Amino acid sequence: RNNVGPGFRYQKHTPLKMDEASLKVYNELTEDVLVSWISKECYQCLYQQLGVVTAAPRPGQPSSKDFVVSTQHELAFRLNDTSTKQLCNELTFHFGEHGNYSLWIKNLNNNSEADCSIVTDGNPVNSYTRESNTRLKLSPSFDQIEATSKEFVLCSSHISLIVMVFVNYGGGRYWFFRHASWNGLTVADLVFPWFVFIMGTSIALSINKLLRSGSTRSSLLKKVLWRTMLLFAIGVVIINPNYCQGPLSWDTLRIPGVLQRLAWSYLVVACLDLLVDTWWSPILDILLYWPAWLCVLLLEVLWLCLTFLLPVPGCPTGYLGPGGIGDMGWYANCTGGAAGYIDRWLLGEKHIYQTPSSRVIYATHIPFDPEGVLGSINSILMAYLGLQAGKIILHYRDLPRSIMSRFLMWGLFLGVISAILTRCSKDQGFIPANKNLWSLSYVTTLACFAFVLLLLIYYIIDVRKWWSGAPFYYAGMNSILVYVGHEVFEEYFPFRWRMLNSQSHAEHLTQNLVATSCWLFISYVLYKKKIFWKL
């Protein structure tokens, strides 16, 4: 089997895997045809060579070649002769999983032009209905920093935890439960920032409760520092897979990670809340905390300056692209621009994520860490926006309409900022929404969603009391245990077992749902036995 680029391979009578289809290319021309392709998800990408289909040996007897193609996204094909002349217009097609297709290249107008078309020879399967009758009901949220009296905040964080566990286990291997290759959003890109947001909300509520109970700011600062170090250390251990086989190797130790980013965001936002004294005003929410907001805005100015002004060797200043085959292949080694450069310079190439999601479509080949140093600045902004939501809850605790109206205003305000930054497009905005970079528009977009979702959950749970948050509530009471446990025991039964058909979305979906349900059951038993693991 020869490698012809991501998403394609020659077919030699091998069974199709999930997200694959069979394509047979027929050539009736009297000259060889070069077939090239790109994914329509790949922005401004170079066409990649699929293969050469030799000339027809005689009239009426076309030559042919078999390939296996990806079915996750729409593909575009370009057909050229040996002199690189384009034979027909670009073909675009979205193949169906396990379908059989033919691409025909026929003579037209005495060989001056060619007629190119794609024909469906065998219908694909519907992996969303035929393979599984299970329907997913997903909601956002994750962890708590301290116990609070606001059930809807806890419920929000607890739901995020369960969705994160499900996505980390694979989400049935559906593409929309995987991170976007570069710009844009999938379900997998929503959960982590929402947890960072709700963590900020929990910080506001928990610190207020502890201060009112008599705790001093200095004692709380010590607790914040200790918790930060624990989160960071646990994060380093669980993301390096050889910890079960012996001592961790410093040579290839990955330093950034999810818990590490949570630790830094928690540290900065909690310190800002503890160190900045404020006063009460019944009208102006945001001006109450102007010193803390000033610090956050200065951090954001730092992010903008480093992102758009830092010189990166061999790359254009202010580059936000994926590198690889993107941007016509001009900046192949510039993945992430300043963000990638800072991580490689500060941490070293071997200490950051080696297989970023940009490899899937953009065929990048250098390491890039989605939880890197520069993006942590914007995760602090996300957490502080969550803190602002917590302050709204505290100041208007007996005024549900005021809480909901302010949540809505924040959502609209952030939504307008996102629309301006992205120009309401995926790739053509000033700052596209990008999870890998944790770009400013990514934060404002997800914070907009977070305020609106928090409004809905607050209305359902606190105002109308239609739902208590069960069963997600139990997992949130032992969120660190569930998160660490699902990472450590991912490969063990009953969370994973040998499947009858590893190329079935249905079996993967069943396995991932069972694994997630197991953690719900474990957390329920621990809750009933009053066993809670907190940092």
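Yeah, the Cβs are placed from backbone N, Cα and C, and that goes for glycine too.
These figures come from a predicted structure and were not determined experimentally.
What TrEMBL lists as transmembrane segment is 152-171 (among others).
Here TrEMBL flags 191-212 (among others) as transmembrane segment.
Proximity of distant same-chain residues to the transmembrane segment (224-243), defined by a Cβ-Cβ separation under 8 Å and at least 6 residues beyond the stretch ends, is recorded for 249, 253-255, 257-260, 262-264, 266-267, 270-271, 274, 480, 484, 487-488, 535. If you look up TrEMBL, you'll see 224-243 (among others) marked as transmembrane segment.
Feature annotation from TrEMBL assigns transmembrane segment to 263-280 (among others).
Summarising the annotation, TrEMBL assigns transmembrane segment to 287-310 (among others).
The transmembrane segment annotation in TrEMBL covers 377-396 (among others).
For 403-421 (among others), the entry in TrEMBL reads transmembrane segment.
A Cβ distance under 8 Å defines the sequence-distant neighbours of the transmembrane segment (441-460), meaning residues of its chain 6+ beyond its ends; these are 139-140, 152-153, 155-156, 185, 190, 193-194, 197-198, 201, 378-379, 381-382, 385-386, 389, 400, 403-404, 407-408, 410-412, 414-415, 417-418, 421-422, 429-435, 466-467. Marked as transmembrane segment by TrEMBL: 441-460 (among others).
Residues annotated as transmembrane segment in TrEMBL: 472-489 (among others).
With a threshold of 8 Å between CB atoms, the same-chain residues lying at least 6 positions outside the transmembrane segment (509-527) that come near it are 131-132, 134, 162, 165-166, 169-174, 471-472, 474-478, 481-482, 485-486, 494-497, 499. Taken from TrEMBL, the feature transmembrane segment applies to 509-527 (among others).
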Any residues 6+ beyond the ends of the transmembrane segment (287-310) with a Cβ under 8 Å from its own? 268, 272-273, 276, 278-281, 317-318, 320, 337-339, 341-342, 374, 377-378, 380-381, 384, 388, 391, 395, 440
